[in-house]
Amino acid sequence: MNDTPNQPAAPQAPTPPTPPTPKAPDAPAPRKRRGRWILALVVLVLVALVVMHVLRGKKPAPGAVAQVVTVASATLGPMPVTLDALGTVTPIATVTVLPQLSGYLTEVGYREGQEVVKGQFLAQIDPRQYEISKEQAEAQLAKDRASLAQARADLARFTQLHEKQSIAEQTYTDQKFLVAQDEAAVKADLANIKQFELDLAYCHITAPVSGRVGLRLVDPGNYVTASSSTGIAVITQMKPTTVQFTVPQNSLSSVLQRVNAGAKLPVTIYSSDNTRELATGTLYAISNQMATATGTVTLRASVPNDDEALFPNEFVNVRLLVDTMENAVLVPTPAVQSGAPGDYVYLVNANNTVSVHKVTLGPGDGQHTVIAAGLAAGQRVVTDGLDRLNDGAKIQPSGAKPGAPHGASAARMGNAAHAQSGPRPAASGASASSAASQAAPASPAS
């Protein structure tokens, strides 16, 4: 066995040197610092918002600063139940004076805008042709009366002859008919004379009603006809006048109940912008039909209008007093809030904290609102500064010293609220019963 000699190992190829890894360029230092500052600022803002939200939701601590607010006591008093609506001044009479015969207009006896009374002279139509016709009728009457007298005399003679049978029966009968014809002719003549007298009266045009004359429609010298639709003048009765308005069908039952009981419901008329009281009157008529398109019924009020403050066809606001609630619990309207809990007030407790108190509202007059349920007379409510309050907040009534008893302040507030004036004009529709809503607390007290 031959030993194989160890052969030398093959030489290995040399490993190429590894190239150095290129070093990434460093980011600019100012850009890094700016990004960190922005991130930190955003985080701080978010933290501040969260803290504010948490603190706002918490009830005030026992030592929290009391909010200065205005309070008032609920009082007992009358509250008018009213219906507000838009109305139109509707004159009792608007008359267009038309000529009743044809002729030339010779005279106009009124001034534009003048107040006239019934029977006052307005205009004159040339009467000469009607005077001539009357004279002709009078002449015909005289002629027919003479014929009648002759016929009656002949009939008297014929009657004597007829009794002696000295005349034919036919002759006697014909004479009686002739007398009857002449009598009818005389009656016709008298009627013609009356007609011409009436025509002459129509030539003298007078006011059919009392009122105010409008602008002149025709001038002297024009030929007018009985078929003209323009007229000589338009007269509008200014006083008394009426105001026509509508109420919704849901409110009609209360009105009918009072009217059927014999009540005379007062009506107050305000200007179209609700800034001035113009007149007062009473409801006197209700339509017998309801407008199906609008679901309303038309009412009419009578107004004396002695000072002529109401102008025909003027748009006005109407307030109808339907009834009056006696001994109602009243609070100033700003105290009433509306929100998620419904209608509520901030009730002032004995320790000068407030609680959300749900109430049931009744009618209002713009200054006060009736609390139908949920509040008693004498209880105090917040009327101003409500936007800074929540359930359980501490308050300091305006004008009271911190820590002072609330009795005197409450009495002053209650008297001030009770002394406020009566109803003011409101917008068209039902009377406002609550103020604008504020943000509602989460958990109202019962």
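Placed from the backbone N, Cα and C atoms, the Cβ positions cover glycine too.
As the structure is a computational prediction, the values presented were derived from the model and not from experiment.
The region 'Disordered' annotation in TrEMBL covers 1-30 (among others).
The compositional bias 'Low complexity' annotation in TrEMBL covers 1-10 (among others).
If you look up TrEMBL, you'll see 11-28 marked as compositional bias 'Pro residues'.
Summarising the annotation, TrEMBL assigns transmembrane segment to 37-55.
Positions annotated as domain 'Multidrug resistance protein MdtA-like barrel-sandwich hybrid' by TrEMBL: 94-236.
Sequence annotations record features per position, and here TrEMBL assigns domain 'Multidrug resistance protein MdtA-like alpha-helical hairpin' to 135-202.
The domain 'Multidrug resistance protein MdtA-like beta-barrel' annotation in TrEMBL covers 240-324.
Mean pLDDT for the domain 'Multidrug resistance protein MdtA-like C-terminal permuted SH3' (327-388) in this predicted model: 90. Annotation comment: TrEMBL describes 327-388 as domain 'Multidrug resistance protein MdtA-like C-terminal permuted SH3'.
Marked as region 'Disordered' by TrEMBL: 390-446 (among others).
As annotated by TrEMBL, compositional bias 'Low complexity' applies to 419-446 (among others).
Secondary structure of the domain 'Multidrug resistance protein MdtA-like beta-barrel' (240-324), assigned with DSSP and counted as helix (H, G, I), strand (E, B) and coil, comes to 12 helix, 46 strand, 27 coil. Taken through DSSP, the domain 'Multidrug resistance protein MdtA-like alpha-helical hairpin' (135-202) splits into 63 helix, 0 strand, 5 coil.
In the domain 'Multidrug resistance protein MdtA-like C-terminal permuted SH3' (327-388), helix, strand and coil residues by DSSP number 6 helix, 38 strand, 18 coil.
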